[in-house]
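Colleague: Following this message is one structure expressed as structure tokens.
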Amino acid sequence: MFSSTASNNNKPILYSYCHSSCSWRVRIALGLKKIPYELVPTSLLKTDASHSYTSEYTEMNPMQQVPVLKIDGHTLCDSVAIMHYIEETRKDNPLLPQNPQVRAKVREIVEILCSGIQPLQNRIVLAHLGNEKSKKWAAHWITRGFIGLEKVLSASSGKYCVGDNISMADCCLVPQVYNARRFRINFDQFPTIMRINANLESEPTVHESHPHNQPDYQKKKLKND
């Protein structure tokens, strides 16, 4: 549902890096909400032609991170804030359930993934550790987080993270499992996580949003997605 060249129209514009798990969350969410958008590839590597450290991009996002979404005349940063905005302004194809208790469970899982696991293996953290140490660090913290997440999901899941409807939690799970595979953690102890992820990977929207299917994808070894 995206085109790779931004133009002057009313479509939202997503600044996204194919290897960014935060960008991937938003690509999944936009796809599930059936919101057409234009995509501007924006690398996190200064060696690439278009990257997040330019003065123009820093003006949009002082954190020099992706994603950024321009929508409804606003410039939004941070993947979770973006997902909540499109959920609150576009009611079709909801990513949050109506029941307050179930909705809280979705938000809990979102925070486990986005606050409790992913930041500990983020590129900016691993860059300070060195190559070999960073791999062990990332594998340790992802595994530790998945041990807790497995218990949460074993109680909350149906076909997906919370029951049988895709939610915001699922938008966050798929990119984190992808990262975990890159750091070669042992998945034998996480059958629930892997079952849900397999269900999600069969969804056309998830497939379309995959890093390998993005216009800026390059097959190269990265320290972190």
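Cβ atoms are placed via backbone N, Cα and C, with glycine included.
A quick note: this is a predicted structure, and the numbers were derived from the prediction, not measured.
From TrEMBL, here are the annotated features:
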type     : residues : note
COMPBIAS : 204-225  : compositional bias 'Basic and acidic residues'
DOMAIN   : 10-94    : domain 'GST N-terminal'
DOMAIN   : 99-222   : domain 'GST C-terminal'
REGION   : 202-225  : region 'Disordered'
Colleague: Within the domain 'GST N-terminal' (10-94), how many residues are helix, strand or coil going by DSSP?
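Modeller: Helix, strand and coil residues of the domain 'GST N-terminal' (10-94) number 29 helix, 19 strand, 37 coil.
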Colleague: So how many of the residues in the domain 'GST C-terminal' (99-222) end up helix, strand or coil by DSSP?
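Modeller: DSSP composition of the domain 'GST C-terminal' (99-222): 90 helix, 2 strand, 32 coil.
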